[in-house]
Amino acid sequence: LLLLLKATLLQLVSGSYHPFYNGFYYNHMMNDMGNGQDKVDYFNGAKLVVETSKEPVYSYNGANVTLPCHYRYEPDQGDKRKIRIKWSKLRDDYTKEQDVMVAIGKTHVAFGEFKGRAHIQQASRHEASLVISDVHLKDDGKYRCEVIDGLEDESDVVDLRLQGIVFPYQPPRGQYRLNFHEAEQVCQDQGAILANFNQLFQAWSEGLDWCNAGWLADGTVQYPIRLPRKPCGGVHLAPGIRSYGPRHRHLHRFDAFCFSSALRGEVFYLDHLNGMSLEEAKQSCQDAGAEIARVGHLYSAWKFLGLDRCNAGWLADGSVRYPIVKPRPNCGPAEPGVRSFGFPSKGRFGVFCYKER
């Protein structure tokens, strides 16, 4: 505060105007050294510019990805002293940004879930790109690349988007039984996470039409409609994403929209002559060196691996489903999709298993 006050006073006394960037671009300013003496720092008038990709960077679960970021000075001043690079992730609910990494020269520190997975790439002069290995579902989102050179501070934002699929989810108890935190957990239990708005919008643009409202990652409740109809907001509304806005995360209850990405393994089907109970199905997958597949696994295998099976099979949550890529007689509706038999308390079926590569 004292530093800004002194700089403002100097500008007023001089009666001249100097352009500034982020409040810290002056031809000269006073620095209190704390010992009763002032130090004058002289800047050469070079403007710091930071640039990232204007287009989204696409990746998928388990991959390695590079988020490009470069900086320069206008006019070019050659190499300057060591600069500080900071990467942070913008949160979906616009609360405080999540620290990803800070680097000065060859020294860097990664934070939280990015420890051991993130580093700065400086393959060329004035490069500050972020490399993330073993991409996680939660890595999807916007990242800020910030370059700090003394008192000059500039940044730009790049969008990392995971290739994936959004699917609506209801628990066995039925419709509208989940508060926000329970919705987060059920998506995680299905090998997925709560979808964000961009992911839901992408799914809607690809044909997702679902009349039941569900939680999204930012705490809002929305649902995608391709064919307007009376129970889904009315016939006179245009197609689009219907929104209830932010809801109380503990008190209000809805379904969930989950997001899953490409798989690191494979989904395969097993069956016995007389079918299997749920417990027998779990054991059959274990005997095959795998685990019973989760709902997210099945959706991902359907979308990314072309899994097409007209036989119903158990999944880990106790539901019975089957994936159809090429619709045909006796295999459900005329559109591709993952069909569901719900959560039968009885019955004998095959099973979908999942095995890591």
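Each residue, glycine too, has its Cβ placed from N, Cα and C.
Among the candidates Cys187, Cys232, the disulfide partner that TrEMBL records for Cys211 is Cys232.
Each of the disulfide-bonded residues Cys232, Cys310 was scored by other CB atoms within 10 A of its CB, and the lowest score goes to Cys310. Every protein chain shown contributes to the tally, and the Cβ of Cys331 (disulfide bond) ends up with 15 other Cβ atoms within 10 Å.
Rounded to a whole number, the distance between the Cα atoms of Cys211 (disulfide bond) and Cys331 (disulfide bond) is 23 Å. In this structure the alpha carbons, written CA, of Cys310 (disulfide bond) and Cys232 (disulfide bond) are 30 Å apart.
Counting residue by residue with DSSP, the domain 'Link' (165-260) contains 22 helix, 30 strand, 44 coil.
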